[in-house]
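*Asks:* Below you'll find the structure I mean.
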Amino acid sequence: MITAIFPAAGKGRRMGASFNKVFAALSDKPILIHTLLSFSRCNLVDNFIIVAAPGEVEPVSKVLNSLPGIKPCKVVAGGTERQYSVYNGLMEVSADTDIVLVHDAARPLITSGVIKNVIDEVKCSGAAVAAVPVTNTIKVIGDDNTVVNTPDRNKLWMMQTPQGFRKDLLLEAHERARLDKYFGTDDASLVEHIGHPVRVVMGDYKNIKITSPDDLIYAEAVLGKKAVSKVKNGVSVAISNALEEMKAKIFKTRI
Ligand SMILES: Nc1ccn([C@@H]2O[C@H](COP(=O)(O)OP(=O)(O)OP(=O)(O)O)[C@@H](O)[C@H]2O)c(=O)n1
Ligand SMILES: C[C@](O)(CO)[C@H](O)COP(=O)(O)O
């Protein structure tokens, strides 16, 4: 059994909106809905756990479980850091799950092909992360802004999600990180911290994390045609209505 955990409990500060960016509209529906629909189209994943901000758990749960085309979701409360949010999600994974995927709710352009790449490698080696080779020259900079060195570009990859692991391995890594007070910006770092090899598989340059308003413009352009075809089959109408409902419930005091 394969379970996907979607950390969605961030603040989206770099987006500069007055609300959590995962509810921001991208084309015809919220970012979070795009992400969940993409995973719902991939028949390799069995269960979804969405980690929402504590005050957003109830409305998100109600809206998600009434939407067409999205697999049934469990919604749990997140923490103050992404790592804590993932841990809270992990605590809710069912006993019959053997593989866990962690995917940023803020990466809506994920494809079934990349999800499959990650799952295939987890089945072989236990830990896999989607990533892409860097396309710019990277330099390490010292305190005074002077270049320290220029690492070999052929060895530099940008990490994405999904990141997938055997459940027991990811649990051990998170428990150890808590004991050691170790923080990583992704789940693979925690697995590296316990000394288990993590394999990199091909991601997709389009699989961006929506971080700033410019990313929304790029994502809109990528989705362009797809969004139009979805409107035709009527699914988007239900989702647009759900977006309005979600906005009204979650943001009525904050917009
Ligand atoms: N305490 C947190 C922080 C982040 N996330 C989630 O982790 C993903 C990646 O985080 P990031 O893009 O850094 O999101 P934010 O923390 O929302 O953004 P910012 O750093 O700009 O505030 C997002 O889907 C976000 O919702 C989470 O579940 N819990
Ligand atoms: C996990 C991650 O998506 C890998 O790129 C990323 O590290 C999380 O986002 P953040 O911007 O570093 O919080």
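Note that Cβ sites are derived from N, Cα and C of the backbone, with glycine treated the same way.
Curation does not apply to TrEMBL; its annotations are automatic.
So TrEMBL lists these for the protein:
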type : residues : note
SITE : Arg14    : site 'Transition state stabilizer'
SITE : Lys21    : site 'Transition state stabilizer'
SITE : Arg153   : site 'Positions MEP for the nucleophilic attack'
SITE : Lys209   : site 'Positions MEP for the nucleophilic attack'
*Asks:* Checking proximity to ligand 2 here: which recorded sites out of Arg14, Lys21, Arg153 have their Cβ closer than 6 Å to it?
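*Replies:* None, as no Cβ falls under 6 Å.
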*Asks:* So if I draw a 10 Å sphere around the Cβ of Lys21 (site 'Transition state stabilizer'), how many other Cβ atoms end up inside it?
*Replies:* 26
*Asks:* Might you list, by sequence position, any residue in that chain lying six or more from Arg153 (site 'Positions MEP for the nucleophilic attack') with a Cβ less than 8 Å away from its Cβ?
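*Replies:* In sequence order, Pro133, Val134, Thr137, Ile138 meet the Cβ cut-off.
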*Asks:* I'm trying to understand the geometry here, so how far is the Cα atom of Lys21 (site 'Transition state stabilizer') from the Cα atom of Arg14 (site 'Transition state stabilizer'), in Å to the nearest whole number?
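*Replies:* Rounded to a whole number, the Cα-Cα distance is 9 Å.
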*Asks:* Just checking: which of the recorded sites Arg14, Arg153, Lys209 have a C-beta under 6 Å from ligand 1?
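*Replies:* Result: Arg14, Lys209.
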*Asks:* Validating a neighbour-count step here. Other CB atoms within 10 A of the CB of Lys209 (site 'Positions MEP for the nucleophilic attack'): how many?
*Replies:* 14
*Asks:* Measuring Cα to Cα, tell me the gap between Arg14 (site 'Transition state stabilizer') and Lys209 (site 'Positions MEP for the nucleophilic attack') in whole angstrom.
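*Replies:* So the Cα of Lys209 (site 'Positions MEP for the nucleophilic attack') lies 12 Å away from that of Arg14 (site 'Transition state stabilizer').
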*Asks:* Please report the DSSP secondary structure of Arg153 (site 'Positions MEP for the nucleophilic attack'), reduced to three states.
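*Replies:* Once the DSSP labels are grouped into three classes, Arg153 (site 'Positions MEP for the nucleophilic attack') ends up as helix.
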*Asks:* For Arg14 (site 'Transition state stabilizer'), which DSSP three-state class applies?
*Replies:* helix
